[in-house]
């Protein structure tokens, strides 16, 4: 009697699990089935308006032209890629992310096939092709300010950001990534030449932040930056350029300077053991090509990473790449190798500094 | 939830459990305490219909908790090595997070008990109408999405939020905004809001189980209301306070969302430290080790509390009350 009940319960549970799994599998394979024999490639990005723009600029046209089905997923986390590869259950063919994942000798990534991808195009650009990653687009952390406070005489660069006498009020900075970019800006404002920034002297940079410690609002989520600055809670902030543009278009009292914008780049890479590596390389080649890489500005104010590509469309004039200033106001390009090696230590130090 | 089941068991069996002697029965039920009843023998239940019906639940608990927990323990020791535990103790971020987390959990627990006690007392001693109102008011907050409540606190506590705007622009009491958001204060407010129902329900169940005749007897004997409370009600309700306090404390230790949204970058709590290891430093092994230590800490708190009031009371299964 007891055994039969147990059996019954286990059987029904197994049945329920199978059904759930079947339903889950069905929805995933639907897109791929439509593409026929040419295969399908899964692109994982960060979702939201960014991924919508990527889809419109590159993924959809590529699917139409090549006949390869493109399946989208999000959000990318490095931890997830790690687990996928370690469990040998990789579902993503292409993932989007930063150089901070380690794109030179990462055992969890495939090498980029430069016979398919036009790697040579990037030789003179600010962001190089890594052994395992191809630059996707350029965005930046800009010095945003509240236009109600400093509309007539806006701050120009980080010298003004650190000058609380001339520009009184709070400054919003990102506290999650070891003050990446801000440490560089502090050192530059103190007179360290660009080519002597690395290896970064974190302790010295933090000492330079000491005088404005009480004027800092340290946020943990990039969305907060826009709220802080446009509400006037902070008068300046280190916000992402795309979000500033969006808020500005909504009529918020916010704008940004392009002086010393902190240049960032997202890359495309292929997780080790990706199901369709060949099509992944084809899609990367399509996105990275000089002909196509500039199309992103039709949908979002991010600039092409391929220096040979031309930005086109609605946001061409709002992309960071359209505002590369000269001299001391030129973009700050971070040394990702240094940051990859030292991020943990920098976070330890900045967290301790914040608490102290 | 645990306290709810206590309420139900209370309403279904209004027996004379709350004489002063029975007040310690939560303790006496634990295997052979001093002067307690016969020690309960632990033996497996005979297989019957109900143990069969409980099987899917058991399978779920094993699949959804025991297996993942085992994976976490294994990961903490093998990814890449038990060295993970050493890494924790050399991390100044983690050490600071432990101190900050303990402080936060203690403050939140104290606040929940201080605010929750009068509320539970009013609920236990009021008529049906008021009690229903108080209960619904409490549960409405309980049922509202955690995220909605937390974001609402952001709006309330911002420098340009409701509180500061009211104080500055409408009442003219302050000239510069009081900083509340991104401070421990905001975390306390948000967490007390989330965790208060647990404390109130545990206290309510205990207060309801006190026989009103005991208080009446004290009054008849001439004790003033304050004395009745201090000598009769408060001591008899202490097991409920311990149960509610432990529940709140344990839940607070692992909180992530509320501190993340309301707290500042100056405080990193354990939940955030674990997240940082896994997501940012890509060291799932170290994160797993931190999670194991947190789990051990929770078990330790439960073990200590169980010595005072019985584990069943904290978990809400009423083991101590069965006869």
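Any Cβ shown, glycine's included, is placed from N, Cα and C.
Per TrEMBL, the listed range annotated as transmembrane segment is B:228-257 (candidates: B:228-257, B:258-287). In TrEMBL, the feature transmembrane segment is placed on B:49-74, out of the ranges B:49-74, B:75-100. Long-range contacts of the transmembrane segment (B:133-152) within its own chain (CB-CB distance under 8 A, at least 6 residues past either end) are made by residues 119, 122-123, 126, 190, 193-194, 196-197, 200-201, 257-258, 261-262.
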